[in-house]
Each structure stands twice: as C-alpha cells, then as structure tokens.
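Now, the feature entries from TrEMBL:
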- 1-10: compositional bias 'Polar residues' (COMPBIAS)
- 22-31: compositional bias 'Basic residues' (COMPBIAS)
- 32-43: compositional bias 'Basic and acidic residues' (COMPBIAS)
- 65-76: compositional bias 'Basic and acidic residues' (COMPBIAS)
- 122-132: compositional bias 'Basic and acidic residues' (COMPBIAS)
- 160-729: domain 'Major facilitator superfamily (MFS) profile' (DOMAIN)
- 1-134: region 'Disordered' (REGION)
- 160-183: transmembrane segment (TRANSMEM)
- 195-214: transmembrane segment (TRANSMEM)
- 226-243: transmembrane segment (TRANSMEM)
- 249-273: transmembrane segment (TRANSMEM)
- 285-307: transmembrane segment (TRANSMEM)
- 327-346: transmembrane segment (TRANSMEM)
- 442-460: transmembrane segment (TRANSMEM)
- 587-610: transmembrane segment (TRANSMEM)
- 617-636: transmembrane segment (TRANSMEM)
- 642-664: transmembrane segment (TRANSMEM)
- 676-699: transmembrane segment (TRANSMEM)
- 705-725: transmembrane segment (TRANSMEM)
Amino acid sequence: MEDTYNNRTSLAKGAKDMVKEAKRHATKKVNKVVDRASDEYSSHHNYSRFQDEEDEDEDFYRNPPRQDGERYHDNEEGSSDATEGHDDEDEIYEGEYQGIPSAGDRKHKEGQVALGQPVSDATRDRKVLEEERQADEEELAQQYELIIQECGHGRFQWQLFLVLGLALMSDGVEVFVVGFVLPSAETDMCVPNSSSGWLGSVVYLGMMVGAFFWGGMSDKVGRRQCLLICMSTNGFFAFLSSFVQGYGLFLLCRLVAGFGIGGAVPIVFSFFAEVLSREKRGEHLSWLCMFWMIGEIYASAMAWAIIPHYGWSFSMGSAYQFHSWRVFVVVCALPCVCAVVALTFMPESPRFYLEVGKHDEAWMILKQIHDTNMRARGQPEKVFTVNRIKIPKQLDELVEMESETGNPVSKFFFRIKAEVNGIYLNLMKCFNYPMRENMMRLAIVWFTLSFGYYGLSVWFPDVIKHLQADEYASKVQLHSNERIEDFTFNFTLENQIHKNGLFLNDRFINMKLKSVTFIDSTFRNCYFDDVTSVGSFFRNCTFIDAFFFNTDIDDSKLIDGTEVVNSTFTHNKTGCQMTFDDDYSAYWVYFINFLGTLAVLPGNIVSALLMDKIGRLSMLGGSMVLSGISCFFLWFGTSESMMIFMLCLYNGLSISAWNSLDVVTTESFPTVRRGTGFGFCNALCKLAAVLGNLIFGSLVGITKAIPILMASSVLVGGGLVGLRLPDTRANVLM
C-alpha cells in the first residue's frame, strides 16, 4: 500500500515538473521570436526567424522534455539529476521516465492526446485549422513582401508586363471588334432586323461566363495554365469565325471566343500583382491597364484601314464570300496568338505555388526572378539569401468521385460540375465576414461604372450615325411623274426617290442603286443586267415583260404590293451585297472611334503617375463623379462635331476610374480567392454591358433625356459608393 502511494506521488511530481518545463520552454520561445522579429524589421532582409521557428517546433515534438522521479532544476539548461551529462539531442534511454501515462491513465477524454505529442489534424476542428491557416497566410504575406523586395523590380517584371499586356490587349480588341464588324457581318449574312444585335449580346454573355469560370479556375490550377487555355480558346475560335458563312455558326464561334477571353482580365491583374512589391503595385498595375486602351486603338485603326476597302476580298462562286470585315477579324486575332506564344516562356506565379504548398517550385521561380533582375543590373554575383519560406497549412477538401465505369463524356461533365461547385464555394467565402460589405460595394461600383460606360459607348456612335442619317436624308433628290423611254442607265443612282414614274424600253446595265426608292412606278419591257442594290426598294411598283439577269433584286426588294407580270429572273445574285468602293462614310465612322480611343491616353498616363500619390479611392470616386457630370453637357450636343468632342471628354475622364478600380479589386482579395473575386466582379461588368447595350441602344433617336439622366445618376452614385471602399494602398498581398 505504501509503495503504491509512493509511486503515485512520484508520478504526480513528474507530471508537474513536465508542465513547468513546457511552460518555461514556451516563454523562452516567445522571447526569442520577439527578439528576432525586432532584428528582422531593423534589417528588412532577415528571414531566419521563419526557418528557426519551424526547426524549434520540430525539435520540440521530436525530443519532448524528459523527466524522472526527481525535480527539474530551474536553470538555463533545464537539466535534471537523471539527465545530467546528456545533450538535449540525446536519445531517451530505456528506463528513464518519458512522460507516458500509466495504464490507469490511458483512457483520455475525447479530443485529448498525450502531452508533448503533436495533435493530428484529423482530430481537430475544421474552424481551428482554418484559423491556423489564416495566421500562416498573414505571416507568409509579410515574408513574401520582403522576398519580392530582395528580388527587386527589373527585367523579369518588364518581360511579364509585356506578355500580360498582350493578353489584356486581346481583351480590349475583343470588346471593340464586335461593334466594328456588326453592321458589315449582319449585312453580309442577310440577317433580318429582328435578329440584328444578337452578335454584341452573345459575345458579352460569353465573356461574362468566362470571367467567372476562368477566374475561379486560376485559384485552383494556376494563373499561367488557365491564361494559356483561355487565350488559346479565344484565338482559335476568333480565327475560325472569320471563315464561317452562316450567321448561327458565326454567333457560336464568337460566343466561345468570348468565353475564352473572359478570363484574361481577372487572371492578368492577379498574376502581375503577385510579382510586384507594395510600393510598385499601384503604378505598374495602372501602366498595365494601358494595354487595354492600346487594344482599343489597334481595333479602331485596323477597322479604319481595312473594313472600308471592299476590294480586299475574294469569293468562290456566290456561296462563299470573304469580304474585308473577315480580314479585319483575322488581324484582330493576332495579339491573342502572340500572347499565347510569349506566355509559354514565362513561369507560374510563385505566390500561387506557395498557397498550394509547392515550396520548392515557388523558391526556384523566386530565385529566377532575383537572378534575372540582378544580371540586368550588372550584379550577377549577388546571391539569393532566402532558404525557407512559410507554407500555409494545407486543408483537405472533400471531393465527390465519379464512377470509373462511366464513359468519357459523363466524366468530363462531372469534372466540370465539380469544378464549378468548387468555384461557387470559394466565391461564397468572399461574402463572409469581414469581406461581405467590401464585396457588395465592389460589386455596386463595377456594375454602375460598366453600365454607364458601355451604355454610352453604344449610344454615342449610334447618335452620331443618326445625325449622319438625318443629314443624308435631308439631301435626298425627289423625282415625280417622270417618263423615261429607250434610255440606258449604266451609272450609280444614289439617295433618290422616284414617284409615279414610267420607264419604257429602258436598260439598266452594270449599275448600282444606293438608297434609291421607286414608289408607284411602272417598268415596261425593261432589261436589268448586273444590277446591285443596297438600301433600295420598289414600293407598289409594276413590272411588265421585264427581264432580270445577274441582279440582286428579289422579293425582299419588291415590297408593298409590287406586281411582276410576265417577267423573267435568271442567275440572280445570292447573299446580301456590301456597300460600295466609293462609299467613304465608313472611313468617318471608324475615324470617330479612333479619336475617342486616343482621348483615353492622357487620362491613362495621369492615373498611372498619380495612383500612389492621391490614392486609389480618391481617383476612383472623383473620376466617376466627373464622368457623370460631363454627361449633362450632352444636352448641347446638337451637331456631329459637338458629340465627337463629348465622346472624347467622357472617355478621357472615365479611364482613371477603370484603372483605379482594377487596382483596388486586385488588392482587396487574398491570394486563394483573388481570381474568383475578380472574376465575379468582371462577370458583373459584362452583365452590365449587355443591359447597357440593350437599354441605351433602344433609346437612340427617341429621346436624349433618359440616357443622359440614367448614365449620370449611376456614375455619380457608383462614385460615391467607391469612396466608401477601404484604402488598399498599404496592403500586402495575403
């Protein structure tokens, strides 16, 4: 009985000593961390604390404090009588007390483990693990900022800047190529008015879905890989769309091309921000935005130079036509192809690799960045001093598995479903506290800016075209009650109206009719050979004993009760006819768009230089409010020149808002959700673009009041909301 009591007393003393030693060890460790953190921030380049902490943790769990029946001495070495003479790293000898409980104490409560042993993640709460990962990410963010500062800003960042700039340029081209080819494509493919406008909406819808999908996928499989896939998809289907003849197939190709390019914006900004230090981020992300403007200028210049040149075309019979607008589509796909080729030579984002636990791959890329920049500076002997980088705790995810017996198609769709579900769950975390309010404000700013910008971008050119059409109609020539007999028409008739005319034994040979309307006229014994008509109609006319050879006059031109009596149609032209070689009005339309894009250049330069000086939020809110105020001056836009001036002013003011919004959005999300959050905001942008196109486009020629008030209110309101966003200038990329 007495022996049992002594054993229990000895066991209790040993346990107390072990707890005391663990407490002393923890206190000593905290003091060391504080001292090393102070040293590190004084030198700004000491990463040893991150490595030493992990080494001490491993040593503590590998060699827990040893005890025997005697008390530990509270000296610096912490040695006991039983372990005196042994080093801390000596193995525990058999017979020494190792802190293992006796058989009667082995029944632990649920969730408890032996003292001094590491706790398995499987036995720990998910919330606790997520909190630990959050702490790891905060520590990694601080360390990564110091590493990027050591790598410097130089040749590598500028190379990546040009490559990602080509990808962003492709997105700008894709947005504007639709508006430029829309009139020509719908005319060439004989699209009725009821189906016109679908091309613009379909492309934006594809970009909306692509932004959400590819942005989310970039957080799961990597920035570079996703960008390569989405850019390749866009390039292939954009090139293919230039050769298809049917309007339905053309819409499908542009839809898939839009789905591909939709991922460019969220991935490009996330990728580039992750290789920039904090003090360089605002300015250089703003310079990157300039490539989107370069894409606008490129598309406008190519449209101006190519589309009006209708001689740049060829045909294979009457079934296959390759007009100049198709050449324009091919040329606009070139930046995308160049971006894909250049991107194959660039590495993955090292920040992404660290988030997914790939330490060695991230270290090699960071060393590549350092060595590239140092060689460019003439300091190749400078050594990359980072040895160990903090890796966030990797959490296991439950993944639903597909049966191995399924066919490849079902497996593919099952994989897509699983990936979309994962993206959705990641997006829902963006709406959790404390990001919920900021996410809602960002969504409002993105939607309002896009709605006003894209809506007015459609409204401005259509209003200018409407003014041109009114001026053109005011110059129409009216001919009434004319009688023309035995005459040969072999020249172009343009902008004329013929009423109650009588044409007897006349010949219409190798001629063109442009915006010519015949009303209540009679054609008797007339011969039509190689006649081309655009915007020309025969209303309530009568054809008696007429002969048509190689003309495009068909039922679509013979309207409002036109009668054809004893007449013959032979070898009619198929397809819809494009405008003519001497039609220079197209030059003016594309030149106006070119001027509007050039007006963006000053605003882009100013925003890049002042982004870090006056702040992101001041630039965002101020630019949106000024853009909204400038819309009120549209009341005075009664002439074509005045509308062009207002277009240039609006574009120059609004570009600063776009640049600052891209920077704020990039800095607002942690690395694991940056692509998903940015992709969601960009998807809202494209949804607003579709609504803006539909609403503003339907009001052209009807009223000025509603578009002006609508654009002004949403821009000013969105700017005021943008001022309530948190300032991200001092943020490190978590």
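Using the three backbone atoms N, Cα and C, a Cβ is placed for every residue, glycine included.
Note that this is a predicted model, so its numbers are computed, not measured.
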In this predicted model, what is the average pLDDT of the domain 'Major facilitator superfamily (MFS) profile' (160-729)?
84
Any residues 6+ beyond the ends of the transmembrane segment (642-664) with a Cβ under 8 Å from its own?
265, 269, 281-282, 285-286, 289, 292-293, 442, 445-446, 449, 452-453, 456, 460, 463-464, 467, 592, 595-600, 602-604, 606-608, 611, 616-617, 619-620, 622-624, 626-627, 630-631, 633-634, 636, 719, 722, 725, 728
For the transmembrane segment (587-610), find every same-chain residue at least 6 residues outside the stretch whose CB is under 8 Å from a CB in it, and list them.
176, 179-180, 283, 286-287, 289-290, 293, 296-297, 300-301, 303-304, 307-308, 460-461, 464-465, 468, 619, 623, 644, 647-649, 651-656, 659-660
Considering only the recorded stretches 285-307, 617-636, 676-699, state which has the highest number of Cβ pairs under 8 Å to the transmembrane segment (705-725).
617-636
